[in-house]
Structures are given as structure tokens and as C-alpha cells.
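J.: Please see the structure below; I have some questions.
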Amino acid sequence: MQFDELLTEQRNHRSTHIDRESTLEMVATINREDHRVARAVQKELPQIAAAIDAAYPKFDQGGRLIYVGAGTSGRLGVMDATEIQPTYGLTAEQTFGLIAGGEPALTHTVKAAEDSIELAQEDLAAVQLTAQDIVVASAASGQTPYTLAALQYAQEKGALGIGFSCVEDSPLAQLANYPITPVVGPEVITGATLLKAGTAEKMVLNMLSTGIMVKSGKVYQNLMINVVPTNGKTFERAKKIIAEATQTSLLAAERALERANNHVPLAIVLIETKGTIAEAKALLAATNGHVSQAVKLNDKQH
């Protein structure tokens, strides 16, 4: 399919007169179009769930979550990777984003970078991609050369390939192990895929990373438990998380945190199981750090 034939490049008849609308009418037009994004993403929920279920065992066993894209798609991937690091206590080696053109492309357009097949291969070769890794490749059009080449390279290495695009049956969708294709339709401003397509990508990446982290034991109940107390503020936050998770007092949470040497998951298991440090550590080791599984294992043993 020619680029100008793509749905993402078509004119939107609902916004043809946006340049003549009042400011309120203009933002109402944009808002109405944004409502279509959530519905489009909703149709992809089974595929998103399947991708999460395929990805989290790899991540849980040491695989890396790697985002790849060009332009807006690449920047959104870098952002998701960067944000989930402090949220779930990850390192920059466990999850990161690769964008066509490298770091300069985060703030400037790097000419021709998105068209380079060689650059994609070099970028993934440089991080020593393995079959244990997960590659999330995003391109609104589904045919960006850099992104396609990255996904092809990932397939050759045996890595899990998740592909986001907004065009049905795109080359990216056909190449991915798990294609996720919310068809959001033409943009309010013709071809400006930073709008609905970008919003859809942000929603999908949020779901993917959150789902993988939850399934990998980085969350207990709905609490971020991998907070690392490094100062007064984060120490207070850690105490509150422990207290809420275990329905205990802040004082009891503080004592458990001290016993656990500031390791929040260990402190939670200590309180929930009423065991010793050694027993709590053994439970976490047996469940690969999953707090909920550690608590369940303790219940079975007693």
C-alpha cells in the first residue's frame, strides 16, 4: 500500500472546518475524536492480554523489555521505558527504548534515520539481543523501515516481537508475534499521527508494561512494592505502602522495614506470614520475588 493510501494519512471529514471553528468548538472536535481511541484500543484487549501472557515469563526470567520506534512512536517507547524504571524498581538494563537516530532524535528530527534498515540492525546488535528478550516495535503506519527491520532482526534472534500499528494488515502487523492494531481512523489534522495514533500507542504501552510488571510480581494488591527508600520522603512512602498492604500501623510497618533492611517486599512478607527473616527470604526466593505467591506458599505450608 502506498503511503498516501494509508488510513492514518486520509483526511478526516469530521474536522474539515476545524480552522473556522471557535476555540471551544475546536477542542470539542479533538475531544470527540479522542473518544474513538479508547474504543479502538478496547477491541484489541484480547491481543494485548495475549501479548502480556507471552511476555511476562520471559521478563520474569531475566529477559529485557525493549521498545523500538522512530519519531513520535520511538519517543513514546523511550518514555514508557524510562517511567517504569522508578515505578517498579527496574534498572536501565532491564528496560529501555531504542529510537531511530539515537538520543538526538528525542528532541530533534534526525533526517532519514527512520528509513535506515542498517541502523535498526546495528542498534539491536549493540545491545546484544537474545531470544529471552521482548521487543515492542511501534509505528502508526505499520511500515516504517527502521521499525520493520528491528522487528525482523528480533524474529531472527528468536526474541518475542510485539507490534503496535494503527493500520490493519500492515507489514508490521504481519511480522509481529503479537500484532496490536487499534484502528483509530484519520487524524483531526491530516497525517498528524502524534494525535490519535500517539494517544492509542500511549494507552497500549501503558497496558503492556503495567500488565508485565503485575504478572512479574512487581505489584502487591495494587501497590508499587519495589520502592527503594533512599531519603526521608521515599522512606515514608515505603512505610505507607507496607501499612496499607498488610493493614497494620505505620509503626509496625517501620519496624518490619528496619528488620528487612529497607526491602519493602521482604517487610510485607514478614508481616503477612508472621515468620522470621530467614523464612520470609526463603519464601521470596522460592517464588522469584512474587510477594502474593510467597504469602500463598506460606499458607499452604501451614
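Every residue, even glycine, has its Cβ placed from backbone N, Cα and C.
Since the structure is predicted, the reported quantities are computational estimates derived from the model, not experimental observations.
Okay, so Swiss-Prot annotates it like this:
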- GLU83: active site, proton donor (ACT_SITE)
- GLU114: active site (ACT_SITE)
- 55-218: domain 'SIS' (DOMAIN)
J.: Pick the one among the active-site residues GLU83, GLU114 whose Cβ has the fewest other Cβ atoms within 10 Å in this structure.
T.: GLU83
J.: By the DSSP assignment reduced to helix, strand and coil, which category contains the residue listed as 'active site'?
T.: helix
J.: For GLU114 (active site) and GLU83 (active site, proton donor), what Cα-Cα distance in Å is obtained after rounding to a whole number?
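T.: Computed Cα spacing between GLU114 (active site) and GLU83 (active site, proton donor) is 24 Å.
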